[in-house]
Amino acid sequence: MATGEKKPETEAARAQPTPSSSATQSKPTPVKPNYALKFTLAGHTKAVSSVKFSPNGEWLASSSADKLIKIWGAYDGKFEKTISGHKLGISDVAWSSDSNLLVSASDDKTLKIWDVSSGKCLKTLKGHSNYVFCCNFNPQSNLIVSGSFDESVRIWDVKTGKCLKTLPAHSDPVSAVHFNRDGSLIVSSSYDGLCRIWDTASGQCLKTLIDDDNPPVSFVKFSPNGKYILAATLDNTLKLWDYSKGKCLKTYTGHKNEKYCIFANFSVTGGKWIVSGSEDNLVYIWNLQTKEIVQKLQGHTDVVISTACHPTENIIASAALENDKTIKLWKSDC
């Protein structure tokens with residue numbers, strides 16, 4: 001059930017229309033976004049673990065420790081359906097590029113591929129020997145990559161459900177896996193303190209990113225253009241890396257992240273921001289270039305474990321743990 005938020009009159013009056021002269025092709029990043037709470041989505045009965053917008057922008061998928069996936073309208077927060085079948089809690093969910101399929105990663109040691117329109121499980125991917133924690137489709141959506149507490153990364157064939165490769169990737173649980181934009185590379189992160197880049201075709205490790213220190217790496221993803229890698233570590237830090245040079249370019253701090261694997265995002269529909277949840281129950285938004293905190297979103301009553309940015313609109317989805325169990329949709333003018 002989604003509940004709408006009323007906008008105070010004064011706030012609406014402050015939102016002046018932008019003069020048309022500034023409507024150039026490549027807009028400079030505005031000073032600050034103005035994300036405001038629009039909807040609160042309630043339905044999960046345990047901690048929410050992950051939220052992801054469909055690539056076509058229509059839907060939001062959420063996964064939870066309650067073993068369920070829920071689908072919601074991306075623009076109105078309207079509940080659409082529940083997808084069930086896992087025996088234990090789900091840590092992650094991801095969409096195929098055509099927005100027709102979902103893959104989920106569960107503590108029951110399996111991944112499942114779902115047809116979203118029917119809610120049917122098409123394939124169960126078996127092979128990991130411990131909790132499956134993270135998953136993603138490649139852009140072509142013929143492959144799935146998964147990471148597990150068994151310390152391995154696996155590459156799966158979507159059509160057959162067979163495991164094509166098992167990478168002995170890390171020496172501790174794998175916290176995140178992500179393909180770059182042409183699917184040729186995979187980045188993985190782990191509690192062992194490493195970020196590794198893999199050649200998808202051969203399964204070879206091409207690069208290991210190491211900084212001075214090596215706190216557990218709790219999340220990683222490629223930037224939309226594939227040149228950079230955003231990595232979160234459990235010392236309250238997000239870092240932007242130049243992948244080819246193996247150099248850290250930017251550091252984002254001010255949030256709290258010492259315990260949980262919290263998702264982070266590149267927001268590119270308006271200004272260029274970095275977005276992350278936090279253990280102080282807030283959503284943090286940084287200016288990507290200047291590294292300044294430009295907004296903090298207040299409303300959740302527990303750790304904000306997951307955030308997602310809409311593919312075309314200035315919309316953020318956020319989700320929180322056990323004491324909250326809700327998903328919130330926020331919208332900004334820039």
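Placement of Cβ uses the backbone N, Cα and C atoms for every residue, glycine included.
As given in Swiss-Prot:
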COMPBIAS  1-12  compositional bias 'Basic and acidic residues'
REGION    1-31  region 'Disordered'
CROSSLNK  K7  SUMO2 cross-link
CROSSLNK  K27  SUMO2 cross-link
REPEAT    43-82  repeat 'WD 1'
CROSSLNK  K46  SUMO2 cross-link
REPEAT    85-126  repeat 'WD 2'
SITE      D107  site 'Important for interaction with histone H3'
MOD_RES   K112  N6-acetyllysine
REPEAT    128-168  repeat 'WD 3'
SITE      F133  site 'Important for interaction with histone H3'
REPEAT    212-253  repeat 'WD 5'
SITE      F263  site 'Important for interaction with histone H3'
SITE      E322  site 'Important for interaction with histone H3'
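The recorded positions close to F133 (site 'Important for interaction with histone H3'), defined as a CA atom within 10 A of its CA, are D107 out of K46, D107, K112, F263, E322. Among the recorded positions K46, D107, K112, F263, the ones whose Cα sits within 10 Å of the Cα of E322 (site 'Important for interaction with histone H3') are K46. Taken through DSSP, the repeat 'WD 1' (43-82) splits into 0 helix, 21 strand, 19 coil. The recorded sites F133, F263 differ in how many other CB atoms lie within 10 Å of their CB, and the one with the most is F263.
Of the recorded residues, K46 (SUMO2 cross-link) and D107 (site 'Important for interaction with histone H3') place their C-alpha atoms 14 Å from one another.
Look at the recorded positions K46, K112 and count other Cβ atoms within 10 Å of each Cβ; K46 has the fewest. Under a cutoff of 8 A between CB atoms, and with a sequence separation of 6+ in the same chain, the neighbours of D107 (site 'Important for interaction with histone H3') are L88, G89, I90, S91, Y131, V132. There are 14 other CB atoms within 10 A of the CB of E322 (site 'Important for interaction with histone H3'), with all protein chains counted.
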